[in-house]
């Protein structure tokens, strides 16, 4: 059995080439690690389950609702607000921690390397400086990569694709664990300090989601501690709503954009939405930005100032010199087209690279070696570029943190070094705000070219890192270049300010890579603190998205598809009306009778070939006249709790001794229900009967077998179902529709295509 050891090994198919014959399969199994893992993106993995978003309205649920009075429901509502506030505060604090640690460690590294370079510039022997820089980078990244590859592979990448899947209703293993959060935070710090072409903004979204999932449950399964609070929220419905709030709080801590956070979670994430949820999410985002702001202000020593709302602050753009005129609109649209094309190129390159990684670099040790290689190469490339650059700028009046002199005259610094010899966030701000003439066009062109390939190579490594900042940096560099060439053409006309074009280029590049429109517009507006540019930014992003979508899909969607996740989009494929529920459903269905033998239940649950999670319950004694109609639906997790507590009919007359099961027993077993193998049922108990009528959901959603695929899809997607029972006109169960049956169909190049399922 292959051990999962990388974020991208999810899409792994060691021996599921579906037409392979059985003999080959048997010879394939003993070899632990095949050299090449055949991977096919036209597959859906069976290892992902859906979340139970739909409440089971069984008798226990109704009894609890009768017991709770109106006042108690009000306290539940208050608890929700309290949890949202706590999510905001903790997300803000985690962001502060990351920011402060990165600033200090990176500052230390740059000071050491700068001192070394200055020393060796005079004496000769700069190769020692290069060695020092590359070794520092590689060793830091090695630690960051080892913890991800060997301890928690889910923490790799930015985590946005995984959170997107979770909010879509797919249960991705380990994605919201405490361990993942710890590894994520440490991994981000190490990969940014290690000088990789990455940002720390993307992972904040994942961190916020983990914090939300943890707080709302009132206990930690990783630490085995139960705080006995918030027990009401221990189910998928509530947890998932809180996770969308956590993701929004993460965005708003990263960019200082609370409204952008809400829109992000609306656009990318939550599949179900209501007004109360919006308001709570906005509250969490606001609190998170405020917390970050106040802590960082205190840390920077101006406690009452509140001047750093987000981890990245693009600085203020002045309105006087930064207006735009009507004749610039076509220029902005053109920049959007360029951004879309470059973004599509980035995604296509990253796609091939990721396929290569899934196939050949699937062992943890290889992944660590690759990460160290990228770190060393990044340092070497940066050093060579700085070494060869002859672009010198006067030092006074410029705000460079670590000016490198190298071969420039005294009182001057090397301007290529401001781009490379800095954390990416600082470089972006420099490109936006440095006065015209700070950069040589040649410098910017070379930098864009090199950084584009570095960032593309870095995304998808086994380190936790985001793609937001590198894409902003690439865009800002070519945007500034564009602005400089414009002012050459127009003989230095006032409106061709390079900073403005750097901003538009950054928006175009980011929009071309991740394809978010609404939330990205608002995030850029909030991060620059400028509403004047709302319209141009929106134009640029729309153009970039339209142009990019013509070639290839967005980066996050691509990675979701590469991991073979059964992701449901907003609509069913357009041409699918001819398919009916009968042709889509899985059949035959394993049904249980309403009063069933315990032995039968145990055998059905232990059968490894059919790993079903929901069982329709039918009438128990069908005689000749009566049809075995559908009576309800019961989940595997509920059956396991019933077997664990041994709720059998034979014991019902001992009801004085044995307390009845309450909903609390089901909630305490959530989220890690014990496997059936761990529950011991003796031979006598196998002969007992079990009555499912008060535990099953008596009114599951059903569709007739003639319903068309779009209708089934709409019902399933809008209600967040996990199981949809297909019945015939006599109300007998004929099939079951689950997430995989619907996600199988999608529009390909030739029209509707059907993906195959694989146990990967």
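Cβ from N, Cα, C; glycine included.
Copied over from TrEMBL:
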type	residues	note
DOMAIN	696-754	domain 'CBS'
TRANSMEM	81-102	transmembrane segment
TRANSMEM	130-151	transmembrane segment
TRANSMEM	181-198	transmembrane segment
TRANSMEM	242-264	transmembrane segment
TRANSMEM	276-299	transmembrane segment
TRANSMEM	331-353	transmembrane segment
TRANSMEM	368-388	transmembrane segment
TRANSMEM	442-461	transmembrane segment
TRANSMEM	467-489	transmembrane segment
TRANSMEM	501-525	transmembrane segment
TRANSMEM	531-552	transmembrane segment
Is it true that the transmembrane segment (442-461) and the transmembrane segment (242-264) have 3 or more CB pairs under 8 Å, sequence gap of 6 or more?
no
State the residues, same chain only, that lie 6 or more residues beyond the ends of the transmembrane segment (531-552) and have a CB under 8 A from a CB inside it; answer 'none' if no residue qualifies.
317, 319, 322-324, 328-329, 332-333, 335-337, 339-341, 343-344, 347-348, 351, 500, 503-504, 507-509, 511-513, 515-517, 520-521, 524-525, 558
Under 8 Å for C-beta pairs, could you tell me which stretch among 81-102, 130-151, 181-198, 467-489, 501-525 has the largest tally with the transmembrane segment (276-299)?
81-102
Stretch with greatest number of CB pairs under 8 Å, the transmembrane segment (467-489) reference, 130-151, 181-198, 242-264, 368-388, 501-525 candidates:
501-525
By Cβ distance under 8 Å, which residues at least 6 away from the ends of the transmembrane segment (81-102) in the same chain are close to it?
181, 185, 188-189, 192-193, 200, 204, 207-208, 211-212, 215-216, 230, 233, 242, 245-246, 249-250, 253-254, 280-281, 283-292, 295-296, 299, 311, 423
Per DSSP, what is the residue count of the domain 'CBS' (696-754) in each of helix, strand and coil?
16 helix, 22 strand, 21 coil
The transmembrane segment (242-264) vs the transmembrane segment (130-151): 3 or more CB pairs under 8 Å:
no
Listed stretch, out of 130-151, 368-388, 501-525, that has the most CB pairs under 8 angstroms to the transmembrane segment (181-198):
130-151
Compute the average pLDDT of the predicted model within the domain 'CBS' (696-754).
88
Can you name the far-off residues of the same chain, 6+ from the ends of the transmembrane segment (130-151), with a Cβ under 8 Å from a Cβ of it?
5-7, 109, 112-113, 116, 179, 183, 186-187, 189-191, 193-196, 364-365, 367-368, 371-372, 374-376, 378-380, 382-383, 461-464
